[in-house]
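Working notes, structure below.
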Amino acid sequence: MSVPDAAVVKAFLLDLQNRICAGLQALDGQARFAADSWTRAEGGGGTSRVLTQGAVFEQAGVNFSHVTGAAMPASATAHRPELAGRSFEAMGVSLVIHPNNPYIPTTHANVRFFIAQKEGADPVWWFGGGFDLTPYYPFEEDVREWHQTSKDICAPFGDEVYPKYKKWCDEYFFLPHRNETRGVGGLFFDDLNQAGFEQSFSFMQAVGNGFLTAYAPIVERRKDTEFGERERQFQLYRRGRYVEFNLVYDRGTLFGLQTGGRTESILMSMPPLVRWQYAYTPEAGSPEADLYDNYLKPRDWV
């Protein structure tokens, strides 16, 4: 396995954060990102960038972090018990975008790199990441295009890559207590190191670089769609699923909280406004029912 180069990964991640923020500002056309740099007592730090109350985006957060620690937290060793007790270095860019218009989907993306070390043993390293889409009023053409772009990103790395990481995304972003997916999926990968550092890093870069290619056309297509209070209330209700998933199941959120990460940055993914409603059921045949009937179970889109 080729030797990992954390400095090269960090340089890419910082540049990716800059480029994604610039792209989102251009899409919004009004609001700007505010940067907030922070340090962590146990080692490392990062920069959170948040755009609020824009013309298109109600809130968009793009976070870079690079943290080190003396012992891997439980969230990171639950499926890798052999790593317990190792020191670690983790870096990544993660983002969540909550649009104003309910016809624009919420989206999340993340790319990350881990190294776990122990004296007298080779370092264990891996890449992870992906992106996923959470529509409120879905359009089939948007979902198919999103998945076609995902497939195109994966294609140079092998025909088996897209179906594998698409399936993993469907399984990961699932709420067992609701028996529904968080959205329409995308890509999710973790523990990526089998092909060696260069190839694994190349795939992580392709996913990070491909995010705006997948998302921007959907924003452009839907940002001027008219909506009213009904659509807004449904958007706020469905945002509740986002909160439920992130606080109950998401490994990244748990990792951040368990490692003494910066709470404001970790919870940047939360929607600025959200509502719950007791025993909500969409009206049969309504646009809201279309989401439940056709988009919250895994499907083959391409």
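Just so it is clear, glycine is given a Cβ too, placed from its N, Cα and C backbone atoms.
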Quick check on the annotation: Swiss-Prot has Asn110, Val111, Arg112, Gly260, Gly261, Arg262 binding substrate, so which of Ser87, Ser94 does it put in that site too?
Ser94
How would DSSP class Gly260 (substrate binding site) in three states?
coil
Where His147 (divalent metal cation binding site) falls in three-state DSSP terms:
helix
For the region 'Important for dimerization' (242-277), report the average pLDDT of the model, please.
92
Quick check for the class: what is the C-alpha distance, in angstrom and rounded, between Ser94 (substrate binding site) and His147 (divalent metal cation binding site)?
20
Please report the distance from the Cα of Val111 (substrate binding site) to the Cα of His147 (divalent metal cation binding site), rounded to the nearest angstrom.
18
Spatially, which candidate from the binding-site residues Asn110, Arg112, Gly260, Gly261, Arg262 is nearest to His147 (divalent metal cation binding site), comparing Cα atoms?
Asn110
